[in-house]
Structure formats: structure tokens, C-alpha cells
Amino acid sequence: MTNERKMNSNSKQEQLEQFRVNDQGKKMTTNQGLKVSEDEFSLKAGERGPTLMEDFHFREKMTHFDHERIPERIVHARGFAAHGEFQVYESMKEFTKAKFLQDPTVKTPVFVRFSTVAGSRGSAETVRDVRGFSTKFYTEEGNYDLVGNNIPVFFIQDAIKFPDLIHAVKPEPHNEMPQAASAHDTFWDFVANNQESAHMIMWHLSDRAIPRSFRMMEGFGVHTFRFVNDQGKAHFVKLHWKPVLGVHSLVWDEAQKIAGKDPDFHRRDLWESIEMGNFPEYELGVQLLAEEDEFKFDFDILDPTKIWPEEDVPVKIIGKMTLNRNVDNVFAETEQVAFHPGHVVPGIDFSNDPLLQGRLFSYTDTQLIRLGGPNFHELPINRPVCPFHNNQRDGYSRQTINVGQVSYHNNSLAANTPSPATEAEGGYVHYQEKIDGRKVRARSESFKDHFSQATMFWNSMSQPEKEHIIQAFNFELGKVKSKLVQQQVVDMFANVNLELARTVAVAIGAVPPNAGGSDITKSSPAVSQENTKKLPNTRKVGIIIGDDFNGAEVMTILAALQAEGVQPEIVSEKLGKLKALDGTELEVNHTFLTVDPVLFDAIYAVGGTAESKKFYKDAAYFIHEAFNHYKPIGATHEGKQWLEMEKMTNSPGVVVGEDVNEFVSAFVEAIAAHRHWSRQIV
Ligand code: HDD
């Protein structure tokens, strides 16, 4: 097949092209290529008689349909993916010999799948959850998978506890409720009885767990890995994806409403952005640590419940990934892609993080059941773009026709080939870390501080972020039925912050803890979303407008917003064209019925002179919802009166304009700010 080729940025697409089939305009055939003459009626013994066994077309069609489903992923079942490319800014030769990190002129093809963890394949996308962020780099040395999340730490420290964690968070087994939610007894029972989860829970209850967009999330490799250079020298490394658009989130009320209004909100956002040419971009960052500095911290760098604060170990930005092509077929690509943290290339190696070590087993194992056998590497999306040769043979659905007599090593009949490569030839050599220990089932003492970084996270939050965390606790624990579990959780989080635990306890009717508290005062400003990049680009603004608007002015404003990268979408009473007083026409994109304010980043109220009571009522709903979700609201013309009637005109993030230029620049600034937390909610 295709794998004897030299890599370039199009290598993966060229390879996939051979598997793409376009059925449009073709005659229908069976899978054997036989032309089909009739596809609506099964073969019967008489028009009103029974269907005949002989009907091979019916049998083939029905059998294939009956077998269309494969098991969904045990976790991360709900996901969406896109193709793209990665380019390093400068050679990383000093730290790693990984070829795709050497040459700034080389573009490496990538495939990225984003996901939620707990929900089923059809669940809503804006639920409170960790998001998966998996990247497959198709390098000339083989596939490298960075299988990360949008949160830099994890719930547990040892992979042997992963089945317990997932059993606890998934819908409860006796009634299969709730779907795609952690707000239930078994999850919080797990948390209270596995206190290593404390730091992760703080992130999970923060705005990070309800991202605005896959395009506005960070990604983290979580574990400590190793970079190894061509001299054999190693550095510990943590990997980060930093979104060019900054890190932004929804608010919880909005997230829940979107789950009903548009359960596909995140995939639609990704899909549409790529279709429009607004390619999502992420910079790759590394935190590097010399091996001799391994023990210089007050936490263990192998512990996946800890971050390396960016203020202590700066993130060095080394390259950029651009997602520039949607998939052709979700099943063939997004569903069949198989990621594995053990897919590495020379120059990238593991650490002894016990969570990572267990993952190195689990991923191949799960593909065997999910993708039905050991040949999943042959599926088009999983094939490396470089050649692959070994003596592995046969198995269900083997595609490759391996020619020749020999399929073993060592041999003389094939000159002892395929032969292992030396390190100089690119053979993967595991880093020769010296290990000296007894076999024990135990956890290192150095993993036992579960609260200091949880407190550091809390200390790092802005006031609105803290309030969101408290509300999230109140929601999640408010849904828990067991008083025992509720009490254990508030008692546990007293170790993070006593005030936090007491506030939550009061809200959920538990006994406010007196003991606990933390003397940690350290904070890490880098983890607060308040300090992220704020840009207006690709923000969706709902334009509430009716007939008889001021054509020239409104068109100027819309064009000026677009010039700033903002995406206006016209919302009115009915579809079709609106007519301005000067005869200008404007195509309506959505009606009040087909869209909802939660689906926009901002609202611009224009109105029109001929609006009915019903129109005003609908517009008022849009304005109120946007206001209560702290979103920017702009108003000109008749829209200004609506805001005055609602007494919103002097609120933060509400921009009312007379002068077109002044209005646009103030509104764009308000949009870039994302949310206006100091607003008093009505
Ligand atoms: Fe995992 C899928 C990320 C811990 C076992 N995991 C999966 C995916 C992501 C992660 C992004 C979806 C891949 C895709 O899009 O197809 N997992 C993580 C991170 C972890 C983590 C960042 C901790 C740092 N995972 C983890 C542990 C285990 C697993 C400890 C088991 C020992 N994960 C799996 C799995 C999945 C998976 C069962 C389900 C589907 C798959 O692998 O391909 O093997």
C-alpha cells in the first residue's frame, strides 16, 4: 500500500485519499460489485407472499446494518476530531532527538480528537466534565500520540484505581442515572474516600470544566515525560497546548441550557470554524526540568495530581498546531482513531508516574475489544505515514498482504530481516534509568500531600472564579442524596480552605466544619482564566433586528464588527429578507424560535421602527439571558430604548452608541473581555 513514502505535511491526506470513496453519481452495487436493479422491494413469493432466502441483496444490506455499531469508548465516548499540521518554531535538538521537533520548515500532519469523559456517545457536549485533548502526530519516525486533557492534573495517583474512579462517575449501575454528570452520590463518595482527588476536584468544579469552545481550551499531557537528546541526556518534561484565542468558559446556567438547545455545541463550533477558514490554533509549550533537579520541589514530580507551577518552571513555547480540515466521515476517522500514550518516537520517553505506567497497558487493550482485534493499526486513520515492517501476522480483518515465506526472527532465509535498527539508524532505545527497589504494593510518602496544591489553586482564583467554584460545589453536592457523603466532602475540603467548606456546608444543609484550614498562601496566577488572552476573534454576536432599520448605519457597523473578526448573525421574527428604510436588504439567519441567546457570545440590539409587542418580548428575552450570563450587549437605534426600559444601560459590558465608530470600538472591546463579572444580575 502507501507506506513506502517520504513524509511531508500532506502525507496523511495523500494516504487517506486512497481510501476515500465518493458514491455520488454512481450506479448502486452490492459489496461484491454486482449492479443492483431494485432497492425498495425485497424478493417475494408473489406480491403479498413471504420474502425469499434467496434475496442476497436484502440479506447483505440487512446484515451489514445489523452490525454497524461498535462498542463506544469506555471513557471519552463523546468526541469530535479534525486534521491539521504542527510546526516547531526552533529546533529542540538540545533536549530531544525527536525528528518532528528538529526542523522549523517541516510540517507534521496531525489528527486531534476532543472529548468529554463520562457521557455516552450521544450525550450533550457542554456538561461539567474534563475534556480530552488527544493529538496524533504522523511523524516520519512513526506515530506519536499526546493523549491529554484540558486539566493538568488527575483524580488518582495510580492506574489501578482507574476502573473504580470511572465506575463511580459513570451513571449509577442500578438505574443508569445520571447521564454525563458527576453530580451524584457515587462520584462524591469516591472523592471523599480517595482524597488524592482534592486538587483535581478544584479544577473540575472550576470554569475549566465548562469550556466555551474546544478552540479555547488548554491541553496538558498531565504526566511527567522525558525528552532525550542524541547524546542520551534526558530532561523531565511536561507538555502543554496553549490556545491562541485564550482560555474561556461558559457559565453553568448557560452550559445546562445549551445542553438542550444544541447538544452538539462544541463540535458545531469546531466544524463551522474550520469550514469558515477560522482555523483553530494552539501553541505547544514545554516545561523542562534537568534530571538533577528532580527532588527540588515540595511535591513529587512523578505525582499526576501535581502541577509544576508555571511561575516556578516557565513554559517554553516551541511550536504551533493548526487544525485546518474537517473529517470526511466521523465513523471512519473520529470513531476508529486509536490513541495510546505508549505511541512514542525516539527522543520521547516515559517517567515512573504510576498513572502513566498503567495507561501504557490500558489503551492497546481497549482497542482490541472496541475495534475488534489486533489489526486496528491498519485502519486508514491509524496508519503511520512511514513504512512499518515486522513479523506480526493474521488476525481478524488483516488488510496487508505480507509476501514471502518468512515471518519470524531470527532467520537466515530472509537474511534475518526485517531486522531491528540500531539507535543510530533510528531504533527506539528505552532510556536506561537506573532502578533499585523492592517489589511492593505501596505508594511513596512523597505522594501523600493531597491538599497543598488544591489550596494553591483556590488561592489563584479571581473572586468570580471562586464564586463559580462555590456554586459548583453547591450544585454537585446539592444533588447528592446521602447526608453522610455530603458531610464527608465538606469535611474533606476544609483541608483546602475552611471558609470555602463552611460556605458550602451551609448551602447544602451539612454541619459547617470547624477543624481543618490550610496555611498555604502560595498562588499560581497562570491557572486563573482571568489572566488569559482576550480577543474578539470568531465571537458570535446575535443581531436582534426587524424591518425599517437604519440601513446605512447598521451595515457600516456590521462590516466594522466583521473587520475585527467578530461574526454577526441576524436574528429576527421570520426567515427571509429584512428591509431597511433606505431599501437595504438583510438576510435573516435565525428566528427567535430556532436559536437562543445562550448560543451567542454577545447580543447587539438594533430593532426597527415597526416592531410588535411580540418582537419586543422575544428581544427582551435575548437581552435578559445575555445580561444574566454576563455577556456583552450592544445597542443602537431602537435597541437603545429596550436597554433603557430594562434599566441596563449603565451596567458593565453594556455598550450604547450614537457615534458609529465609538460604538464599534467600545463594543469590540466588551466582546473581547468575554464576560463582565462585576455586573449586578437582574
Ligand atoms: Fe485515558 C481514553 C486521557 C488516564 C484508560 N484517555 C482517553 C482519551 C483521552 C484520555 C483524551 C480519549 C482518546 C480518544 O480521543 O480516542 N486518560 C487521559 C488522561 C489521563 C487518563 C489525560 C490521566 C492523566 N486513561 C487513564 C487511565 C487509564 C485510562 C489511568 C487506565 C489505566 N483512556 C483509557 C482507555 C481509553 C482512554 C480506557 C478509552 C478509549 C481509549 O482509551 O482508546 O484505555
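Glycine too: its Cβ is placed from the backbone N, Cα and C atoms.
Around HIS76 (active site), the same-chain residues six or more apart in sequence whose CB sits under 8 Å from its CB are SER115, THR116, VAL117, GLY132, listed in sequence order. What TrEMBL records for HIS76 (among others) is active site.
Taken from TrEMBL, the feature active site applies to ASN149 (among others). Around ASN149 (active site), a 10 Å sphere centred on its CB holds 24 further CB atoms from the protein chains shown.
Cβ neighbours of ARG113 (heme binding site) (same chain, under 8 Å, six or more residues apart in sequence): GLY79, PHE80, ALA81, GLY132, SER134, THR334, VAL337, PHE339. Positions annotated as heme binding site by TrEMBL: ARG73, ARG113, PHE162, ARG359, TYR363, ARG370.
Residues or ranges marked as domain 'Catalase core' by TrEMBL: 29-417.
Annotation source TrEMBL lists region 'Disordered' at 1-30.
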Euclidean distance between Cα atoms of ASN149 (active site) and ARG359 (heme binding site), Å: 14
The one of ARG73, ARG359, ARG370 whose CB sees the fewest other CB atoms within 10 Å, among these binding-site residues: ARG370
Local confidence of the domain 'Catalase core' (29-417) - pLDDT mean: 98
ARG113 (heme binding site) in three-state DSSP notation: strand
Secondary structure at HIS76 (active site), reduced by DSSP to three states: coil
TYR363 (heme binding site) and ASN149 (active site), Cα-Cα, nearest whole angstrom: 15
Neighbour tally for PHE162 (heme binding site), based on other Cβ positions within 10 Å of its Cβ: 18
